[in-house]
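One structure is given here, and the rest of the page talks about it.
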Amino acid sequence: MIILPHINKGDFVWLDPTALGRNDSRQFILKSSEFPAISARVLSVWTDQQGGEHIILLDDQSNKLELGATEFQRWAIRPMHPTSIQGVSDLIQMVELHEAALLRNFQIRHRQNIYHTFIGNRILVSLNNNLSEDIQLYTEDENQRKELIRSYRQRPPHELLPHIYAFGAEILRFVKKGKNNCCVVFSGETASGKSELFKQLLNFLSADFANQNFELKLNSAQIIIEAFANAKTSRNLNTSRHGKYFELNYKLNNELSKIVISSAKIELFFLEKYRVVEAFVEQSRESNFHIFYCLLAGLSPQQKLDFELTNGRISSYRLLAQYRRNSRENFINGETTSWMFGGERTRPTFELLSKVVGAFKILNFNEKEIENIWRLLAAILHLGNLRYNVKNYDGKENLELNDRLNIQRICKLLKIEKNLLISSLTIKSLCDLKSEKELNFRKLSIDEAVDRRDTLCVEIYSNIVNFIINKINLELNEENKIINWRNGQQQKFISVGLADFQSLENKLKNGNNFEQLCINYGAECLQQFFIRRIFTLEQAEYAAQCLPEWEERCAALPYLDNLQVLEMLAVQPLSVMSVIDDISIAPEASDTNLLSKLHSSHSNNESLYQKPKSSLLNQFAIRHYTGLVQYKVEGMLLKNKDYFPSELQKLINESELKFLQKIFQNKEENEEGDEISNELSEEELNENGNIEFIIKRIKQNTQCTIVRRSMNDLMRRLESCPEAFFVRCLKANDAQKEKLFETETVLRQMRQFDMLSTVAMCRASFPIHMEYAYFVRRYRPLMPGIPPPNYCDCAHTTGFICRTIFGDSCTEFVQFGKNKAFLKSEQHQFLEMLRSRRLHCCAALVQKCLLGWAKRQQYARLRWATLIFQKHWRGLVERKKFKIIIRGVTRLQAIIRSHQLVIRYQWLKSLIAHFQAIN
């Protein structure tokens, strides 16, 4: 008889489904055979007539399961630890370390409306709650936000719930020490809440550390970037179609005795500029950038008349409606597909454009610049509506551009001549490399003409965004010119960088294009930075410090390293991007040649690179850290060259609109021989110029080279930050529904982030590294009698402090290297708490002494003042008495004298009377 021990009604247990067969009907409870374990609550335990025990379970998905005694061992039932039942705020506190325990912890916190969880003190996991799907720039309650910011700044992080503000408070502590630069890297799938967390952290780091004008400029920059670089996609109504890196520079203001933000810088990466002409996907769930729809909804009637946008319907503009990019019927003979913009919740309003205009004005964009930006955006919409006519003469196609109305509108907006516009969009000229003289010209095919028109739209929009970012950076750096320079010397500042990039995506239905390859390369770079900081560099530091038994611990903690994927993508001589560059400059470059070269270069690396099963498919697959991703080679060469035809450059130069020429000023000069190199052979190129110089010059301007150069620069800046924080964003479900937790979706993202290995590494590692001298200097107040670091053996003193506080068996929590001490996060927090209490007691003692001294001084001053007051008061009283006495004496004298005169008068009177009587 099999008896189930130690399990009662109300207990929580784990069920192990791996012991079941693949076709076992009991697996209905899983919904996925990949689940490592099932969490369930015991509803009842009862015994049948034969004495066998039965158990009824309810899993976290509300599925009931009844097990008999014979099935107990098959399901490997085991009790659940309390940390897995109640949930924890820090995953390294979990006793049961497996995927099911982590998944259940996220689910418990999701039910409790707690969406942030720590992994140690450097990683924050955020679960998107999808509480609002509307496109709104800022919806936070200002008073509530300020109160929350104040609480996280004033209280230790371990006393509050995990939040992105806890990272901000930790970063500010590093900044106030004035030692190290910091960086925060956000990662996660689209619609996982990266951008919102990015804004919250940026507001936390800037609030109260910059003047009100600077903070307004920073918020306005976010509004503008969101309008010009965000769009609706099939997965998210407001997704970033770019990567961004914000850098805040702090310095100490001696006058105010606090840190202030002296300047800031914004950089955009991987702007999906081709979305301007390729905003399409299945099920009409994609749109163009937000600013176009805001423009149509927010312009005044007079502005619409000036910009020829009197027909303000979205369906009137091809670039704003769903369409098929590859269909010839969309562009010839005026035929177009039906235009439809899906999603009423993204409908723009007048208020949104007003916010953008207000943001422009805060950043000191003048009225003329704003008007010219609207003018160019309107011109892009009209360019997208240009229709070509194709007529056959003697079996040859003859391309004509007879769309008079749109041509007239474009010429008016761009201030260019009609004939120049038509020739620029329909004719291709061939020039000599040396003399730069026009040799010949030919009519473009319909596909080439469409590409030419789309290139003009894309480049105008891209340069508008570049101009806006440059202008914003000038404004954000304006105060730095005044504050940071004193007496000709630059003051030192501490930088805090925030990196938010598009996630590594895999568009299964439409396939992944060249832009997605670049985006995924950037995501791989950030993942490698995470791996280096959490795994590689950490283990190298332990090895360098000769920590005991650490090599055995590292061997027991395997992790997924994507270094080989990065090398295959961009580092190796025959990497994917190098091959794309090489084929791009070949005389007869084609997608077929590119695919063949990729297959031949990487066919031996089947673990990372896979060829399609059918040779008819023009695609290849790369195994990224999130899984296998398919890429189509169609259009890769063209987009990699990113060629801006000389005819279009001439069109820009001939324009009377100075603003249009200004935004193209910073663009590098286009290679005069680029287009010819695609047409001529090597012999012809050698005759016309130096081919090696041309090849080198072309390679320097390919998108692959630019992407690698920009990512290398970003990685150098991130690697230079001694303190790095990571925000791993998860979405609770793919449908973006509120209060819905899909275990399959969350588990997939957990595995993509290799979260189990991350938690295991953070739990086993010692994330706090302190040099012995710094440790003694910081914690010697805990042990009275310890001298300063200069007068003691710091290594011995550090060990003495740790053994005294944590006990003789402290090596489980503290490791001692050659010149550093390594601590667990909990022990570091405990030391900080003891230090805070000790400093509080010392501060109270100092306050007591100071208050006593101050009171004694106050008493002495009061006594002295009292004596002085008494002296003067008594003198005043005596003077008053003296005056009274003098007045009395004077009055007495007057009375006596008066009496004497009366007596004398009477005597004289009697004497006279007597004398008269004698006579």
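Here the Cβ of each residue, glycine as well, is placed from N, Cα and C on the backbone.
Since we're looking at a predicted model, the values are computed, not measured.
Features reported for this protein in TrEMBL:
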{"type": "BINDING", "residues": "Gly188, Glu189, Thr190, Ala191, Ser192, Gly193, Lys194, Ser195", "note": "ATP binding site"}
{"type": "DOMAIN", "residues": "86-836", "note": "domain 'Myosin motor'"}
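Here the features listed in TrEMBL are painted onto the structure.
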| residue | record | Cβ contacts under 8 Å, 6 or more apart |
| --- | --- | --- |
| Gly188 | ATP binding site | Ser126, Lys194, Ser503, Val727, Arg728, Cys729, Leu730, Lys731, Gln749 |
| Glu189 | ATP binding site | Arg235, Ser503, Glu505, Cys729, Leu730, Lys731, Gln749 |
| Thr190 | ATP binding site | Thr233, Arg235, Asn236, Thr239, Gln502, Ser503, Glu505 |
| Ala191 | ATP binding site | Asn128, Asn130, Arg235, Asn236, Thr239, Lys731, Gln736 |
| Ser192 | ATP binding site | Ser126, Asn128, Ser503, Cys729, Leu730, Lys731, Gln749 |
| Gly193 | ATP binding site | Ser126, Asn128, Asn129, Cys729, Lys731 |
| Ser195 | ATP binding site | Glu226, Asn230, Asn238, Thr239, Ser240, Asp500 |
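Secondary structure at Gly188 (ATP binding site), as computed by DSSP, is strand. Under DSSP, Gly193 (ATP binding site) is assigned to coil, being neither helix nor strand in the three-state scheme. Within 10 Å of the C-beta atom of Lys194 (ATP binding site) sit 24 other C-beta atoms, taking all shown protein chains into account.
Sitting within 8 Å of the Cβ centre of Gly188, Glu189, Thr190, Ala191, Ser192, Gly193, Lys194, Ser195, and not among those site residues for ATP, are the Cβ atoms of Asn128, Asn236, Thr239, Ser503, Cys729, Lys731.
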